[in-house]
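Engineer: The structure is given below, and queries will be raised subsequently.
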Amino acid sequence: MARDQHISSAERLLSYSDAVFSIITTIMIVPLGGETVEEIKSTEDLLEGVKSIWFKILVYATTFVIVASTWSTHTSLFGYIEKVNESIILLNLGVLMASTFLPFSFLMFAEHPTEPLAVVLFCASIVIAGTLMAGIAWQAYSRPNLLNEDEARYGEIKSKRCRTMLMMLGKPVLALVAAGIGWIRIEAAWALLVMVLLEPLLRQVIISLYYFGKGDGDAGCKVLLPSRLLVETTGTLRTRVYSDGVYAIIATLIILDICVENVPSQEDDIAKHGDLITALKHDQHVFMSYAGTFITICMLWYLHHSIFYRIFAENPLLAFFNKLALMFAGLLPIVFKITGEFGKEVSAGDAAIAVQLNAGTVLFSSIWHLVMWIIVMKNKSKLLHRRFDDVDEDKYMNTFMIIRLCVYPTISLLLFLLCFVPTWKFDSEVINWVQISTPGVFIIIKIVRNCVQRREDKKRPSEKEEEDPEMSYLPANKYNSKANNRDHENDITAV
């Protein structure tokens, strides 16, 4: 049919959407760049300066949560959609446009919280994005050939369409009411906007009350049980793409300030220092801070990759801690800037505070990776790839994985605490060299891991020779039976 010629796979649309969402998520760190550091410098006290920008950091964190929540809703919606037509593509572009306006509208709201117009602009972004996503749901469920096979085959399409559209319209309805009330009483609008952030939790409460109203108490209780955060699983593809985008943008943002402020000028810097080499040496601590921060971000991505390489699914709890890790990693560019500016002022005590800010941010950027891996190991049957689930094949996999994930939290915590020792004078050079040399720790862990694996491989043939040949097939059959049962359970779960 002619209409089928306009249908394509959703893969490229989702990749583009994830890239846009990752940029929106991290773009809010830019206002915390040069102007904010200059504001801190004007206070002549780093600790007081950091306290003065707490509201801007809160704005960044809140915007991150809002955009990440919008991305999660987008991911849930397209989890049912396999193909797209031109209408869905255009509606999705509208969603992205409304989402890109969220940082500006929220900054406007943060600067003028008592202005009804600022509240209306922020609410309008949420309403437009949510309404357009509801339009995508209507379009997809009106043409079942766009849905994935399981969604199109099982259940009544009309009821699924209503369910999905209600899920998409929860935040827009609350935001629309908040925009209207904002002209009458601004405090009530604030309360409704808090409810917008808590909308997923409110939705679960409403669903539970619906089941209780129908007399199905068991179903109502299951909706509210915390265990559902571990039981429900989804694929990891979009999370990996989104996370890669966030880490890539964070890694490249740190070069912007160097390009703007640390390129020696012919009139000022060269004339002052005599030659180009001397002018560059004057800012060598900034370049060292850049190298240390870039390596740290890349190693955080490496640890993130090590986790998601070993899993095929994620649950809501794992997704939550992944967002926390990304949010704290997004603060690394501003921490890099502070370390470069204040890391040499040892006499004033600002250097130790700058080191502590850097170490604390890296600590909270990396500790959630360890939490994510603990969640994976507690739910191996639902999350871990089957090739990593054979304990006899790789008994040390979990041990060495935990050791790797503990490297950055341990080093960061140690640096943070050592700054309190009066006799130790820390400056940016110390933490820069620590960050630059940290990959060597991972290389040592890798060498030890390979040596242990070779020793285990040498033991394995001798152990097999001692086994009864007639019984040697039993462990393999046992494992295959376990794998087949798990495949059958996954099929039932998917249905």
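Just so you know, glycine gets a Cβ as well, placed from its N, Cα and C.
Automatic prediction, not curation, is the source of TrEMBL annotations.
Keep in mind it's a predicted model, so treat the numbers as computed, not measured.
Straight out of TrEMBL:
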- 484-495: compositional bias 'Basic and acidic residues' (COMPBIAS)
- 456-495: region 'Disordered' (REGION)
- 12-33: transmembrane segment (TRANSMEM)
- 53-81: transmembrane segment (TRANSMEM)
- 88-110: transmembrane segment (TRANSMEM)
- 116-141: transmembrane segment (TRANSMEM)
- 162-184: transmembrane segment (TRANSMEM)
- 190-212: transmembrane segment (TRANSMEM)
- 246-265: transmembrane segment (TRANSMEM)
- 285-304: transmembrane segment (TRANSMEM)
- 316-336: transmembrane segment (TRANSMEM)
- 356-377: transmembrane segment (TRANSMEM)
- 405-424: transmembrane segment (TRANSMEM)
- 430-448: transmembrane segment (TRANSMEM)
Engineer: Checking distant contacts: for the transmembrane segment (405-424), what same-chain residues at least six beyond its ends satisfy Cβ-Cβ under 8 A?
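Structural biologist: Cβ under 8 Å, 6 or more out: 296, 299-300, 303, 352-353, 355-356, 359-360, 362-363, 365-367, 369-370, 373, 430-431, 434, 438, 441-442, 445.
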Engineer: Can you work out which residues elsewhere in the same chain, 6+ from the ends of the transmembrane segment (356-377), have a Cβ less than 8 Å from its Cβ atoms?
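Structural biologist: Those are 50, 230, 296, 300, 303-304, 307, 310-311, 315, 317-318, 321-322, 324-325, 328-329, 331-332, 335-336, 338-339, 383-384, 398, 401-402, 405-406, 408-409, 412-413, 415-416, 419, 431, 435, in sequence order.
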Engineer: Looking at 12-33, 53-81, 162-184, 430-448, which one has the highest count of Cβ pairs under 8 angstroms to the transmembrane segment (190-212)?
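Structural biologist: Between the candidates 12-33, 53-81, 162-184, 430-448, the best contact partner of the transmembrane segment (190-212) is 162-184.
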Engineer: Are the transmembrane segment (285-304) and the transmembrane segment (430-448) close enough to be called in contact, which here means at least 3 C-beta pairs under 8 A that are separated by 6 or more residues?
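Structural biologist: Yes, the stretches contact each other.
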Engineer: In terms of Cβ proximity under 8 Å, which residues at least six beyond the ends of the transmembrane segment (12-33) contact it?
Structural biologist: 53, 56-57, 59-60, 63-64, 67-68, 70-71, 74, 78, 84, 88-89, 92, 95-96, 99-100, 102-103, 107, 238, 241-246, 248-250, 253, 256-257, 326, 330-331, 333-334, 337
